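Novice: Found this in TrEMBL, in case it helps:
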type: DOMAIN; residues: 20-275; note: domain 'DUS-like FMN-binding'
type: BINDING; residues: P22, M23, V24, Q76, K144, H172, A227, R228; note: FMN binding site
type: ACT_SITE; residues: C105; note: active site, proton donor
Amino acid sequence: MPSRKSPVELFEEGQRVNICAPMVRYSKLPFRELVRNYNVDLCYTPMILADVFKSSTYARDSDFTTNERDDPVIIQFAANNAKDLVEAAELAAPYVNGIDINCGCPQKWALQEHIGAFLMTEPETVRDMVHSVKAHVDIPCSVKIRIHPDLKETYEFVKRAEAAGADFITVHGRTRKQKSSEPVNLDAIRFVKEVASVPVVANGDVFSLTEAEDVFDKTGVNGVMAARGILQNPALFAGDKHTPWECIERYIKLALGYGTNTFIFHHHLMYMFEDVMSNAERKTFNCLSSVPAILDHLEKYWDLDVARVMA
Ligand SMILES: Cc1cc2nc3c(=O)[nH]c(=O)nc-3n(C[C@H](O)[C@H](O)[C@H](O)COP(=O)(O)O)c2cc1C
């Protein structure tokens, strides 16, 4: 298998690295392939539970599909101990360019499982995880974090992760308790960039290329990651203000070509059409319940030519 480019080399090139965020359900292979057409340099898989991934072939096959075009890609794991993480990382390593540890998921079930944002209060556990991955797997290991209410704790956390060998750090500039409607703290991201000796990626509230440029300039980071913005407009990093029609066609071709479940297919299209459909149409569209019904709607009202798209 040809060797894959390290994401660290991307950061060393000195340009802003445009990144598609890990998104449960959504940042799967068809979407990753889609956004790579629109100036995305690096993609993440959705968060995958390390203990499930390492124990079940079925889970591995359903949680993670990839191919030779899916490069560079980082697999993101949620784990609460180094052993599960290393076993999952060893299985994934031949197919990915890096392993990321989720320290940001704020959902109740995740906190109960001691994964995700729970780890922001467990810097020693994260240090052990990074250290163990680096000792067993020869590809970069990164952490995706949130900020603490007291940035001194973020400083300590980052320093421990770095000392254990973390190759880069992504900072979602909100605390665990902040809602996504609250503005992201760019000063905190800049603080992390200033104190870190490894590359830093900024995450939060990037909905356009102008905002990506702005975050990059204001924080001095190495890369900018978008989640909700790129769901709504996969061509965000190419400078399109709204999802271009050809992007929708490309998504349909990729999703149907690879095979997708109806929920994910429908929701991707709901996001992409969010700001272009009228309220009345959106109400109808969002209630459709099968792939044929969705395609019929787009053929009728948007002149989609499924036969041409799939040819
Ligand atoms: C639908 C959805 C799924 C997400 N899934 C993940 C995930 O699997 N792993 C993760 O670290 N963050 C996940 N997040 C959080 C995003 O990666 C990102 O940190 C957050 O949405 C802030 O970025 P944004 O303002 O660009 O949306 C998810 C966010 C959304 C909207």
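Cβ atoms here come from the backbone N, Cα and C positions, even for glycine.
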Novice: Could you state, as a whole number of Å, the largest distance between Cα atoms of any two of P22, M23, V24, Q76, K144, H172, A227, R228, the listed FMN binders?
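Specialist: Pairwise Cα check on P22, M23, V24, Q76, K144, H172, A227, R228 gives a maximum of 17 Å.
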Novice: For the recorded positions M23, V24, C105, A227, which one has the sparsest Cβ surroundings, going by other Cβ atoms within 10 Å?
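Specialist: Output over recorded positions M23, V24, C105, A227: least Cβ neighbours within 10 Å is V24.
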Novice: Distance between Q76 (FMN binding site) and the residue listed as 'active site, proton donor' at the Cα atoms, whole Å?
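Specialist: With distance taken Cα to Cα, the residue listed as 'active site, proton donor' is 12 Å from Q76 (FMN binding site).
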Novice: So what's the mean pLDDT when you look at the domain 'DUS-like FMN-binding' (20-275)?
Specialist: 97
Novice: Same-chain residues six or more away whose CB lies under 8 A from the CB of R228 (FMN binding site)?
Specialist: S180, F207
Novice: Return the count of C-beta atoms lying within 10 angstroms of the C-beta of Q76 (FMN binding site), excluding that atom itself.
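Specialist: Result for Q76 (FMN binding site): 26 other Cβ atoms within 10 Å.
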Novice: Tell me which residues of the chain lie with their Cβ under 8 angstroms from that of P22 (FMN binding site), as long as they are six or more apart in sequence?
Specialist: Y44, T45, P46, M47, I74, Q76, D100, N102, K144, A227
Novice: Could you find out if DSSP has R228 (FMN binding site) as helix, strand or coil?
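Specialist: It is helical.
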Novice: Using a 10 Å radius around each Cβ and counting other Cβ atoms from all shown chains, which of the binding-site residues K144, H172 yields the largest count?
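Specialist: When each Cβ's neighbours within 10 Å are tallied, H172 leads.
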